[in-house]
Amino acid sequence: MVSTECLSPAHHRKAEKIHKSNHRKSGIPCSMNMSILNFDQSLFLLCFHCYAAICQILEVFLNMLIVICAGVSYNSSRTYTDLASLGGLYAYYYGGPNAFTGADAVRIKELDTQFYQLKLPPYIYTMACGGALMSYACVMLLLGVFRVPFRWPLTLLVEIVLNALIALGYIPAVTFYFIKLQASYDTAVCKERQQMYESKGYQGYECKLHAADICGGLLGVAGAIAFASGAVLAIRALRERMKKSHQDPPLPL
């Protein structure tokens with residue numbers, strides 16, 4: 001019986017040799033031998049496309065998480081709410097030594113707005129790139145579902161080129177992401193904002209990378225690995241597809 005397990009290239013070549021030697025000894029016709037080898041190659045291609053589908057699902061998931069992480073920071077546009085200046089019960093409940101009032105309240109609101117504007121560009125860039133790459137991975141996944149690479153191997157070549165470029169592009173993208181964020185944290189606006197909040201005993205306003213920022217960068221590294229793996233799988237699938245298409249026709253008996 002022919003094994004239905006996925007074979008590595010070495011095992012695939014070994015299986016071909018075993019098939020040839022067994023059929024020479026047993027006297028099985030050459031046409032049957034070729035049909036069995038064609039079945040093995042088709043199974044081999046099917047396994048590669050299954051692995052590629054898993055890799056593409058991972059690409060969609062990782063880029064979706066990247067968009068979510070950037071969106072969390074993008075939506076954190078809240079400024080200081082000066083309830084103590086309203087007087088009455090507001091001054092009683094929200095006033096005291098931990099409240100900004102008067103000119104300090106106006107200044108901290110300005111700093112919050114300025115700091116938010118400084119951090120916007122890398123988050124907008126990240127969400128745009130993450131959404132585009134997620135859409136691309138969905139398109140390639142749909143092409144695989146409809147067996148387009150089986151019918152037109154040229155799509156594998158396009159996938160190889162695009163995946164390789166995307167994997168390489170992640171490196172400067174993640175670098176730019178961290179450089180721009182760190183530059184915004186190193187500004188005088190951030191440092192003055194941190195000092196004012198710390199003077200009132202507030203925590204969580206430090207001028208350093210936060211959890212969502214770091215998580216977005218790590219997901220970018222994982223995305224580069226996923227797209228590079230997809231390119232490798234597409235290369236191996238294209239080689240097997242070309243080998244199958246250029247295979248010699250069976251000799252007549």
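Even glycines carry a Cβ here, placed using N, Cα and C.
Model, not experiment: these values are computed from the prediction.
Some features that TrEMBL has for this protein:
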REGION    1-24  region 'Disordered'
COMPBIAS  10-24  compositional bias 'Basic residues'
TRANSMEM  43-74  transmembrane segment
DOMAIN    47-239  domain 'MARVEL'
TRANSMEM  123-144  transmembrane segment
TRANSMEM  156-179  transmembrane segment
TRANSMEM  218-238  transmembrane segment
Worksheet entry | Sequence-remote partners of the transmembrane segment (218-238) [C-beta within less than 8 Å, at least six residues beyond its ends] | 9, 45, 48-49, 51-52, 55-56, 58-59, 62-63, 65-66, 69, 133, 149, 153, 156-157, 159-160, 163-164, 166-168, 170-171, 173-174, 177
Practice prompt. State the mean pLDDT for the domain 'MARVEL' (47-239).
Written response: 86
